[in-house]
C-alpha cells in the first residue's frame, strides 16, 4: 500500500505533468482564465487519464508487448510498433464518450470547454501518461494509481493557475505583460515552486 501512495504523491507533485514536464501547455494556458472552467477541464482530464492509462496497460500487456500473444499461440509476434496508434485510438474513444456524456448531462460545462474538450484527444499530457506507463513498465494496479495521479497533477496545476490569473485581473500588471506574458511568468514561478518537491525521495 505504501508503494502505491508513494507512486501517487510522486506523480502529483514530483513529476507534475504541467509544471515538471510542461505537457499539455496549449489547453493549460487557454482554459486557465476562469477557475470554474479550469476545474471542469481538470476533472475531465483526471477521468480520461484514470481510464486510458489502465486500458492502454492491458492493451500493451496482452496484445502489443513482445511475446504478449503467447496466450493465442503466437509467442514470436511483436506488435509494439502499433503502440502510438493504439493508444491514440483508445484515448480518442474515451474522450468521445466523455464528450457525449457531458453534452447530455452537463451542457453548461460542455459549452464552456468548447473546442478544448475534443482537443483532450491530442493533449500530449494524456498521451504521455500512457507512454510513461509503458516506459516504466508499470503493472495494472500501478497504472491505475499513476493514471489517477498524473491526471490529478495536471488538474491541480490548471486550477492553481486559474486562481492566480483571476487575482491578476485586479492587479496592476505592466501593459506589455498583460495576458499571456504574465501567465508565462506565473507558470515559471509555479514550476520553480514545484521543483522543491524534487528533493523528496520516494
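Cβ from N, Cα, C; glycine included.
What Swiss-Prot lists as transmembrane segment is 11-31 (among others). Tertiary neighbourhood of the transmembrane segment (11-31): same-chain residues 37-38, 41, 45, 113, 116, 119-120, 123-126, 128-129, 145-146, 149-150, 152-154, 156-158, 161-162, 180, 183-184, 187, 190-191, 194-195, 197-198, 200, 202, selected by CB-CB distance under 8 Å and a gap of 6+ residues from either end.
For the transmembrane segment (35-55), same-chain residues at least 6 beyond its ends with a Cβ under 8 Å from one of its own Cβ atoms are 24, 27, 87, 90-91, 94-95, 98, 102, 106, 109, 112-113, 116-117, 120, 123, 125-126, 129-130, 133, 140, 143-144, 146-148, 150-152, 154-156, 158-159, 161-163, 166. Here Swiss-Prot flags 35-55 (among others) as transmembrane segment.
Annotation source Swiss-Prot lists transmembrane segment at 81-101 (among others), citing sequence analysis. Within the chain, the transmembrane segment (81-101) has long-range Cβ neighbours (under 8 A, six or more residues past its boundaries) at 44, 47-48, 51-52, 55-56, 59-60, 63-64, 110, 117-118, 120-121, 126-127, 130-131, 134.
The annotation transmembrane segment is assigned in Swiss-Prot to 114-134 (among others).
As annotated by Swiss-Prot, transmembrane segment applies to 144-164 (among others), with the evidence given as sequence analysis. Listed by sequence, the residues of this chain that lie at least six past the ends of the transmembrane segment (144-164) yet keep a Cβ under 8 A from its Cβ atoms are 4, 7-13, 15-19, 23-24, 28, 31-35, 37-39, 41-43, 45-54, 125, 128-129, 132-133, 138, 183, 186-187, 190.
Taken from Swiss-Prot, the feature transmembrane segment applies to 180-200 (among others). Residues 9, 13-14, 16, 19-20, 22, 28-29, 32, 157, 160-161, 164-165, 168, 173 of the same chain lie 6 or more positions beyond the ends of the transmembrane segment (180-200) yet place their CB under 8 Å from a CB of it.
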